[in-house]
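Chemist: Would you mind keeping the following structure in view while I ask a few things?
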Amino acid sequence: MNSAKLIDHTLLKPESTRTQIDQIIDEAKAYHFKSVCVNPTHVKYAAERLADSEVLVCTVIGFPLGASTTATKAFETEDAIQNGADEIDMVINIGALKDGRFDDVQQDIEAVVKAAKGHTVKVIIETVLLDHDEIVKASELTKAAGADFVKTSTGFAGGGATAEDVKLMKDTVGADIEVKASGGVRNLEDFNKMVEAGATRIGASAGVQIMQGLEADSDY
């Protein structure tokens, strides 16, 4: 397993500067991470800087609340793809899920999948705000909507991924789609727990620390 290829090297802070974006791009190229995940305003720049690299550009849609209208999310997705995004991480309509308006949740995801035109779509369900049954339902809706991944967290809601939630999500979706763990994955121990639970992608701002931990691990 090439652990670096599981990592979306992430910088989504609102105060992110061009200098900081340059840093994560350089790190992603050096460590051969799967992608850099940046806010939409940085997509075009990141795509230009990574044009000669295997590192993909990932961005976020309806982020971090998921409370944008479906039309807005679809437009944001089209704009991001036009600017060079390879992968889309969207946030579901969490309130609609809690209301039991499952058709609305699924249609919201489907609109982004359609707008992404074949590009990878990961669906953030914000597990810290959901109970067991809601996590199961959100995962089922993500699968039914044709997305590629179900993802735990934005990292902006006061909690992140847990191995228990990742396992529940993976058990729910099976082999049909993948699971991304994000939020609070800060070191090699966290990384290993998420992978063992079934995650095949890790979103982390600590990608370098994780890789340094792997290099220091005598079993690696």
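Including glycine, each Cβ sits where the backbone N, Cα and C put it.
Found this in Swiss-Prot, in case it helps:
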ACT_SITE  Asp89  active site, proton donor/acceptor
ACT_SITE  Lys151  active site, schiff-base intermediate with acetaldehyde
ACT_SITE  Lys180  active site, proton donor/acceptor
Chemist: Of all the active-site residues given, Lys151, Lys180, which has the fewest Cβ neighbours within 10 Å once its own Cβ is left out?
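Modeler: Relative to the other active-site residues in Lys151, Lys180, Lys180 has the fewest Cβ atoms within 10 Å.
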Chemist: What number of additional C-beta atoms lies within 10 angstroms of the C-beta atom of Asp89 (active site, proton donor/acceptor)?
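Modeler: So the number of other Cβ atoms within 10 Å of Asp89 (active site, proton donor/acceptor) is 29.
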